[in-house]
Amino acid sequence: MVTFRRQYKVARPVYSEDSFAEHYERTYRQRKTTLDHIREYLTWDSKRTKNAVLSLLPIIGWLRIYKVKEWLLGDVVSGISTGLVAIMQGLAFSLLASLPPSYGLYTAFFPMLTYFFLGTSRHISVGSFPVLSLMVGAVVTRLVPLDETQANVTNIPGFEGLTLDQKRVLVASSMTFLVGIFQLAMGILQFGFIVVYLSDTLVSGFTTAAAVHILVSQLKFVLGLDVPGISGPLSIIYTLEKVFVQITSTNLCDLVMSIIIMVVVFIVKELNDRYKAKLPVPIPIEVIVTIIACGVSYGFNFNKIYNVDIVGEMVRGYEAPVAPNLEVLRESALEAFPTAIVGFAVAFSVAKVYSKKHDYIIDGNQELIAFGVSNIFGATFKSFAASTALSRTAVQESSGGKTQVAGLISAMMAMIVTLALGFLLEPLPRSVLGALVIVNLKGMLMQFREIPYLWRKDTPDCVVWVVTCLSACLLGLDLGLAVGLGVELLTVIFRTQFPRCCLLANIQGTNLYRDRKDYTHIFEPKGVKIFKIPSPLFFANIEFFKEKLREAVGFNPLKILKKRNKALRKVRNLAKKSNYDITENGLWDLISTNDECSKATEELDELSNVEVIPSRWNLPASISFPRVDLHSLILDFSTVSFVDISAVKGLKLVH
C-alpha cells in the first residue's frame, strides 16, 4: 500500500553574505566586560539569596509540594523494602572493601542523612555500590595486607596500637574522606559537566570489568578458601592462580550453600522482573535467604562443625567520629580521584533516568556537592565510599517511592539493625554474602551482549568498550578507567580528523539526497557531483578533505591542468611552425598573431580553468586533451559546525 506523504515547497531569494548585508542592517550588541561580570556576580539581593538557598537545599523544593495522603504510604513501603535490600547489600559489599561486614551498615545510614537534604534526585538509593567498594578495597589491601610483612604499614603514623581491622577501617574512611573532598571541590567549581566525557559505552565497559573483578574476589568466600587480597596490575590473574592452586581445599559446605542460594535468588529475581506489573512489591529474596541461612548456620553450628567462615561479632552501636589519616590521604590520592568520578558518574546516570521518567530536573553540580558532603560526613563515622546501586534504586522506585523520605526510612532500617538487631546476623556464613554479591552482578555481566551490537552500529564505540573492559580487567580499575578515557578521546579525534565523506545522489521520485552507496534507485545529474563532509573543517583534517574530494571527483585537477597546458602548447607550436589548419574557427581566433601566441603561452600556467577542446577540432593523434565530465561541484556543508583559518586557506586552494 502506497503511503502519501505531505509535501511542502520553500521559495526565497538567494543571497550571498555581501548581498544579505546590503539588504538587512545588522545590530551590534554591547558585550559585558570582565569587570561587569565580576560586579554582577558580587551583587546580592533577596531573589538571589532565595535561589541560592533553594539550590543548596533542594529538599525545600519538593517538601513544599509533598502530598502526604498520596505519597507517604508509598514512601514508607518503599523505604522498608529498600532498607532490607540495603542492609543485605551493605553487609555483602563491605567484603569487597575488605572490611568487617558491620561497616557496610554504616554506609547504608550516614551518607543518606546528608543526601536527604542536599540531593536533587528523589529516587536514587544512596549507599554502597560494588564498583566503589572494590576500588576502596584495592587501596585497603595495598596499604594493609593480611600478611603485614608484605608492606611496611608500621611506617604510617596513626597505625600504632591498632588491630588489623581497625587499620583497614581507618584506611577506608580516610580514602572516602578524600573522595568526598574531590567531589565537593568539583561541585563548588561547577565541574558537573565532567560526566559528559564518560560516555555510556565507556561506563558500560568499565562496570563490566568491575563485575569481573568482583566475581573473582568473591570466589574465595564461595569456595571457603584462604586467599589474600591482591591489588595492582594483573591482580585478577594472580588471584585466579592462587584460587586454582587451593581448589582442592574447597569447603564443600560453603560451595553447596552458595550454589543453592545463587540458584534460588536468580530464579526469584527473574520472576520479580517477569511479574513486576502484578507484584505490589518485589519479593525480598535476599532478606529471606539471609534469615534462613542465619538460622540454619546457628542451628547446625556450621562454624565449628564444618569450619565455615561466618560474619562473627557485629559492631553494636556507632563509634565516635574520627579524623582522616593524612598519610593515607597522600597514599590514596591517585585512586581516590577516579573513585570520585566513577561514583558521581554512576549516580548521576541512574538519577537522570528516573528524573526523565518522573519529569523533574536534577543538577549535576549540586549532585557533586551532595555526594561530596555525604562521603565526608560518612567517612567521619567510618563508612566507606557511597554512590547508588541500580538494583536498589529500582526497588525504591518500583515499590512506590516518590521522594527521599523513602531513602530516609531505609537508613532508619539500617540504624535499627546496627543498634539492636545486629547480633542476629553474627552466625551468617560469609559465603552467603559472596553468593548474594555474585547474583547481583547479573546485570553488569550481561553487558557483554553489547559487543556485537556496537560492532554492527558503531565500530569506534565498540573499540572503546573492549579496550576499557580489557584494560580495567588487567591493569586495575583506576588505570583501566584512564586508558578507556584516553581511547575515547582518541576516537573523537579520529572521527573529526578522518570523517566519513561521501557523494550524494538523488533518491528517485523525491528531492532528497543521500549517500549513493546506501541506495539502489538513485539519480545522479550528469556533470554534477555533490560532496558531503560530516565534520567540522579545521587544520587537522583539511588535507584529508582535499584528498577525499579528489577521489570523489575522479581526477586530480592539477594533473589535468598540466596535461591540458602541455597539449595547448603543442597546438600553438604546431600552428606557428606549419600554419597548420586546425579548423576554420579553431585556435586562429585566439592566436592570430605571434605576439598574442607568445603572451597566451606565458599565461597558460596561471589558468585555473581551461575549457574542453571541442571535438570538431581536427588534431593530430599525438595531441590529446584529457576530458573532464564535470561542470558543477557542490559541497554540502550542512553538518560542518565550524571552519578555521587553515581550512579557509585550504578551501581557496581547492577552488
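Going from the start of the chain as shown, residues are counted 1 onward.
Note that Cβ sites are derived from N, Cα and C of the backbone, with glycine treated the same way.
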Under TrEMBL, which of the candidate ranges 50-68, 126-144 is annotated transmembrane segment?
-> 126-144
Please find, within the list 310-328, 367-385, the residue stretch that TrEMBL describes as transmembrane segment.
-> 367-385
Is the transmembrane segment (405-425) close to the transmembrane segment (367-385), in the sense of at least 3 CB pairs under 8 angstroms with a sequence gap of 6 or more?
-> no
What mean pLDDT does the predicted model reach across the domain 'STAS' (518-655)?
-> 73
Outside the transmembrane segment (243-267), six or more residues from its ends: residues with CB under 8 Å to it | 216, 219-227, 285-286, 289, 293, 302, 306-309, 429, 431-432, 434-436, 438-439, 442
Stretch winning on C-beta pairs under 8 A with the transmembrane segment (205-223) (pool: 72-97, 103-119, 126-144, 336-355, 463-490) is 463-490
Stretch contact, the transmembrane segment (463-490) with the transmembrane segment (279-300), Cβ-Cβ under 8 Å, 3+ pairs | no
To the transmembrane segment (432-451), which of 72-97, 126-144, 279-300, 336-355 is linked by the most Cβ pairs under 8 Å?
-> 72-97
Of 72-97, 126-144, 279-300, whichever stretch has the most CB pairs under 8 A to the transmembrane segment (336-355) = 126-144
Residue list, the transmembrane segment (72-97) vs rest of chain: Cβ under 8 Å, 6 or more residues beyond ends.
-> 103-108, 125, 127-130, 133-134, 136-137, 140, 172, 214, 217-218, 221, 281-282, 284, 286-287, 290, 311, 384, 389, 391-392, 395-397, 399-403, 405-414, 417, 425, 428, 430, 433-434, 436-437, 440
